[in-house]
Amino acid sequence: MSHFLFRRGCAALSAGFVLRSRNVQTAHLPVTDDLYSFSDEQKQFRESVRSFAEKELYPIAEITDQQDKINDMKGLWKKIGEMGLLGLTAPETYGGTHHGLLAHCIAMEEISRASGSIGLSYGAHSNLCVNQLVRHATEEQARKYLPGLISGDLIGALAMSEVDSGSDVVSMKTRADRVGDNYVLNGSKFWITNGTVADVVIVYAKTDANSSDSGRGISTFIVETSTPGFSVGKKLKKLGMRGSPTSEIIFEDCVVPNTNTFWR
């Protein structure tokens, strides 16, 4: 008897789900903000991002995953930049809005609700790349790179993981050797979101492989992908969020000026 009721209940739930799914006309189900005590300004911000995502992102979400790429990503990034969403944690000095991480989380949620693939690439750009520069770049570096990244003229990425060292960062093999006023990078990074399309990559590499402190001996570099010695390896296939480009990137005697490093 209990087995019969269980099956009957599942059938009813399934039928209800199909019925409700057919009635959903947009990318979003209603969201209640009361739980988080958002201010009126934050609620208005959520609505503006949601409206943008429904208009610009939801219509291309299916084809993005079917084709394993974001069509005209540069054009899309400029639209997102015009909305002010690429510099939410950055000061106005560099073109940002300085709304902070909570606003970034709200934007990330609404963008991802429309397209998980675009949301993944957005987070890699706006948080892993832009926010790293906001927090740690020198004034000269910030002025050089942040305006283009915030406007969407440049696409950003971060490269830390390797084939044999994902979250175990200190095991990375990519090295950066000091030669005069430059560093020469050799090695490769794996699972890099936006790796095939990035203009600027924040790269972690070992500058002191013999350091007795496992937490030291790693430096961070701002690498322009047009630099000789930088190349893109194979593009990786994923089970989900397929439209977000993920790849291997390779450094072969890639020369980066000393002025493009921080966290030494």
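Here the Cβ of each residue, glycine as well, is placed from N, Cα and C on the backbone.
The DSSP breakdown of the domain 'Acyl-CoA dehydrogenase/oxidase N-terminal' (39-153) into helical (H, G, I), extended (E, B) and coil residues amounts to 88 helix, 0 strand, 27 coil. The domain 'Acyl-CoA dehydrogenase/oxidase N-terminal' annotation in TrEMBL covers 39-153.
Across the domain 'Acyl-CoA oxidase/dehydrogenase middle' (157-254), DSSP assigns 3 helix, 51 strand, 44 coil. The domain 'Acyl-CoA oxidase/dehydrogenase middle' annotation in TrEMBL covers 157-254.
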Taken over the domain 'Acyl-CoA dehydrogenase/oxidase N-terminal' (39-153), the model's mean pLDDT: 97
